[in-house]
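J.: Straight out of TrEMBL:
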type: ACT_SITE; residues: Cys267; note: active site, nucleophile
type: BINDING; residues: Asp30, Thr84, Thr122, Glu159, Lys270, Arg333; note: NAD(+) binding site
type: BINDING; residues: Phe156, Leu157, Arg158, Glu159, Lys211, Phe256, Leu257, Arg258, Ser259, Gly260, Gly264, Lys326; note: substrate binding site
type: DOMAIN; residues: 319-420; note: domain 'UDP-glucose/GDP-mannose dehydrogenase C-terminal'
Amino acid sequence: MKIGIVGSGYVGTTVAACLADFGHDVINVDVDESVVRQLNDGESPITEPGLDGLLDRHAGESLWATTDYDDLANVDVIFLALPTPANDDGSIDTAVVEAGAGSLGAVLADVEGYPTVVVKSTVVPGTTEDVVGPILERESGLRVGTDFGLATNPEFLREGSAVEDFQHPDKLVFGTTDDRALEALEAVYAPLLDDDVPVVRTGLREAEMIKYANNAFLAAKISLINELGNICKEYDVDAYEVADAIGLDARIGGAFLRSGVGWGGSCFPKDVAALVAAARERGYDPELLQAAIDVNDRQPQRMLDLLDRHVDVEGERVAVLGLAFKPHTDDVRNSRAIPIIEGLLERGADVVAYDPNRGATEAMRERFPEVEYLASASPTLSGASAALVVTDWPEFADLDLEFDLLSGDVVVDGRRIVERREGLTYEGLTW
Ligand SMILES: NC(=O)C1=CN([C@@H]2O[C@H](COP(=O)(O)OP(=O)(O)OC[C@H]3O[C@@H](n4cnc5c(N)ncnc54)[C@H](O)[C@@H]3O)[C@@H](O)[C@H]2O)C=CC1
Ligand SMILES: O=C(O)[C@H]1O[C@H](OP(=O)(O)OP(=O)(O)OC[C@H]2O[C@@H](n3ccc(=O)[nH]c3=O)[C@H](O)[C@@H]2O)[C@H](O)[C@@H](O)[C@@H]1O
């Protein structure tokens with residue numbers, strides 16, 4: 001099949017490379033010329049394990065990128081993988097999706113046959129039908145269901161394991177209103193259907209809501225284990241032992257029970273906020289989801305409080321290990337390192353930081369130029385009175401004697417990655 005993908009960020013690039021690997025011809029459209037250049041050179045614009053190999057194999061062969069929407073004229077299916085950030089009040093900002101739909105609509109009439117437009121972005125129920133569809137119709141002069149298909153196909157991949165998640169999903173969700181659009185999605189994902197991946201065939205709004213419910217449930221699960229963990233800490237109970245035990249109950253499940261400094265990233269924070277705002281707009285106050293956000297917002301503060309119990313960091317050098325919002329990514333959007341660094345700077349600390357990923361480091365340097373960024377853990381720890389571990393990069397688990405380089409001995413671990421040992425004043429956030 002010939003597939004167009006609008007937007008080439010974390011989702012668009014991963015989906016493009018994986019669909020090319022399924023044997024499709026893929027063309028990516030992005031407004032960012034440097035992203036397009038990189039893709040055409042076979043380089044990944046983002047850090048994702050496995051992506052470089054796929055791009056090596058397919059870029060310039062069955063995978064191309066362009067800034068020109070006109071190049072979509074020959075495709076069968078077009079995915080919109082555009083950002084849906086939050087407005088200041090938490091509600092979804094659909095401006096980029098609307099702009100992308102407008103540009104696509106202007107070329108849709110030139111596409112032969114019955115093209116299917118698929119919203120891949122995370123959008124609140126009704127967006128595909130009430131916002132994207134009408135823009136496409138207005139700009140193209142065509143009719144949904146008569147001249148072109150409209151679908152919602154939310155994405156469940158995680159950053160840091162995006163390729164693996166896309167290739168081996170727990171489920172596929174196809175939101176459609178017409179059979180031809182559904183058949184198009186089935187053809188796109190044929191190799192996964194052959195592998196018996198469960199497929200949820202549903203309506204547009206249901207598919208949109210499934211995505212929010214999925215993220216809200218996972219984010220709330222982490223907040224719940226963080227709340228339980230905070231109580232554990234007060235009673236000298238190890239929250240990880242508790243989590244392991246409750247995770248054995250099949251009704252609870254062991255995944256997403258790692259308590260600590262909380263959830264960050266480009267999705268949980270904005271998606272839970274958007275769902276809360278969408279609910280309130282219809283007159284329903286989602287108290288539990290709001291509490292999940294509140295607990296999450298408090299975890300970095302708890303980490304700083306633990307530090308305050310041991311050291312007055314004013315004028316002191318303090319080491320921050322980990323800047324990316326999770327390991328194996330360069331993404332720092334809503335990283336828990338942000339409130340941690342802000343809190344340290346407010347206290348007058350001299351902050352030094354290290355992340356194994358250069359992209360994450362450079363993104364943070366832009367945000368906090370006053371922080372000193374070092375190339376490995378040892379010089380970062382050297383001479384610092386305390387260390388705060390914010391991201392669970394595997395290499396931090398190997399640190400041991402490096403902590404002897406601290407001028408003090410305090411380690412506050414927000415991810416349970418450092419081994420507790422004699423000679424360190426070790427504080428786990430929930431253990
Ligand atoms: N990042 C993730 O792990 C996941 C994200 N999602 C959802 O997927 C959507 C996309 O997210 P990301 O890939 O993280 O976004 P991103 O911010 O990484 O990438 C978006 C890309 O769109 C491009 N773009 C902006 N305006 C454009 C336009 N008018 N035409 C063409 N390209 C344009 C940008 O230059 C950028 O390369 C969001 O709705 C997000 O919630 C869903 C599942 C996972
Ligand atoms: O909609 C999205 O964009 C994506 O959001 C999350 O994926 P992602 O944010 O990439 O990464 P996660 O592994 O979910 O981690 C999110 C945050 O939760 C934290 N986390 C995760 C698991 C856990 O047990 N504890 C915990 O604190 C991580 O450190 C990280 O800050 C979802 O897991 C994906 O299914 C979804 O597609």
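Here the Cβ of each residue, glycine as well, is placed from N, Cα and C on the backbone.
Unlike curated records, TrEMBL annotations are generated automatically.
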J.: What is the number of other Cβ atoms found within 10 Å of the Cβ of Lys270 (NAD(+) binding site)?
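T.: The answer is 23 other Cβ atoms.
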J.: Rank aside, I only need the closest one: which of the recorded positions Thr84, Cys267, Lys270, Arg333 has its C-alpha nearest to that of Arg158 (substrate binding site)?
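T.: Nearest listed residue in space: Cys267.
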J.: Go through the binding-site residues Thr84, Lys211, Ser259, Lys270 and pull out the ones with a Cβ less than 6 angstroms from some atom of ligand 2.
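T.: Close enough to ligand 2 is none of the binding-site residues.
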J.: Going through the binding-site residues Leu257, Gly264, Arg333 in sequence order, which have a CB under 6 Å from an atom of ligand 1?
T.: none
J.: I'd like the per-state residue tally for the domain 'UDP-glucose/GDP-mannose dehydrogenase C-terminal' (319-420) from DSSP, helix first, then strand, then coil.
T.: 34 helix, 18 strand, 50 coil
J.: Tell me, how many other CB atoms lie within 10 A of the CB of Leu257 (substrate binding site), whichever protein chain they belong to?
T.: 21
J.: Within 10 Å of Gly264 (substrate binding site) (Cα-Cα), which of the binding-site residues Thr84, Thr122, Glu159, Arg333?
T.: Arg333
J.: What is the interatomic distance between the Cα atoms of Lys270 (NAD(+) binding site) and Leu257 (substrate binding site), given in whole Å?
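T.: About 21 Å separate the Cα atoms of these two residues.
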